[in-house]
Structures are given as C-alpha cells and as structure tokens.
Amino acid sequence: MSTALSHLNPVATYEAFIMYHALNLISFLAIAVTSIIPAIASHVELRLLNCPDVAVFFARGTTEIPTIGTSVGPPFSAALTAALPGKHVVFKGINYPAAVVGLITGGDIGGGVSMANNVSSTVSECPGTKIVMSGFEQGALVTHLAINQLLSSIQDHVTAVVTFGDPRKDVILPGVLQSRRKTFCFHADPICAGQLPILPPYNYGADTPAAAAYVAAHV
C-alpha cells in the first residue's frame, strides 16, 4: 500500500482534499442560508403583524405618577379608544422624572431623548403605524424637546402632535408638524403664558374627547 501511495502527486492530493472539503462547506452554507432566510422573513412578517395602527407617546405633567399621570393621560387614552373603534391603539407613557426642576428649566432633557427614541424605533420597526406625540404641562415641553431631535423623515410619520397646558404653545414646530398640531390652553392658565403656575393645574382632562377627535381625523 505504501508503494502505491508513493506514486500519488502530493500537490494534486492536497488540492483534491481542499476541493472536497470546500464543496462540503459550500453545500452546508447553502443549506444554512436557505433555512435562515425564511426564518428571518417570518420574524419580520410576525413583527409587522403585531404593529399597532396608532402609537401614542405621552409625557405626563410635573409630579404626576408614572407613566401617564392621572389628570390627562388616562382620560385621553380612553377617549382615543372610543374615537378609534376597530383600531389597534397603543398608548405609551414616557418614563421620565417629571420633577419641578424640569418644569423650571424648560423640560426634562432625558424625557425628550426617551420620547424621540421611542418614536424613531417605532417608525423603524412599524413603518405603517401612525404616530401621535402628546404631553401635558412639562410633558408638553418634553414633547417639544423630542420633536427637535427627530429627522425630517421620522417627522413625516407623526400624524398628530397634541399638547395640553403647553408653555411653548406659540413656538412654531419644524417641518410638516406645525400643520399637524393641536394645543389646548386655557387663557387664564399662567403656564400657557410661560409662567410658573401657583394654583393647581386646570382640568385639561375635559379636553381629551376633543383631542381624541382631532387625532381620529388625522389617522
């Protein structure tokens, strides 16, 4: 046997060995790819199927309990559900401190970043979802901060901006969003004039049915 093997060309034998295993590797990769691609496609399809029709990102007012507060968030969420029958609506509160210092300094920066990131990631994962950005009092300031961080391509997916007791109600929103905004402010409310409130906030919860109707007309 050793004599027979001595007549083999070692270079040719090595090349044949490499070719054999290379072909096996190519076959394995081909099988792996053909099995992975359908799995990825199925995952994407499942993710898109789970996307809501409307996603509302809401920032509560100063000192309100997380994450949607009590005075505006809950009635607004309920009003939206009633105004959009048959629609899959997700109402997500932005988790930020809502401390007094944030109101004094023009809104919590981290809250603005969080809202902007939530909006951007939703647009990326669910491009067909209608986005609504909303906030009450300091939450309105957080909404402004978030809007200023959005790319224009992301802004296009925001179909409505709704604020309550907005200290920056007179500030022009960028791009298409100015024409998609609705602000609820009582004339006697000092916060709507950019002043710190002394008395408890006005009852903006009473405006939530009108706010929901505005959103319904834009989604």
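Note: Cβ is positioned from N, Cα and C throughout, glycine not excepted.
Automated prediction, rather than curation, is the source of TrEMBL annotations.
Pulled from TrEMBL, these are the features on record:
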DISULFID  Cys51-Cys126  disulfide bond
DISULFID  Cys185-Cys192  disulfide bond
TRANSMEM  20-41  transmembrane segment
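For Cys192 (disulfide bond), other Cβ atoms within 10 Å of its Cβ number 23.
Cys51 (disulfide bond) sits 32 Å from Cys185 (disulfide bond), taking the CA atoms of both as reference points.
Ranked by how many other Cβ atoms sit within 10 Å of their Cβ, the disulfide-bonded residues Cys51, Cys126, Cys185 place Cys51 at the bottom.
On a Cα basis, Cys185 (disulfide bond) lies 32 Å away from Cys126 (disulfide bond).
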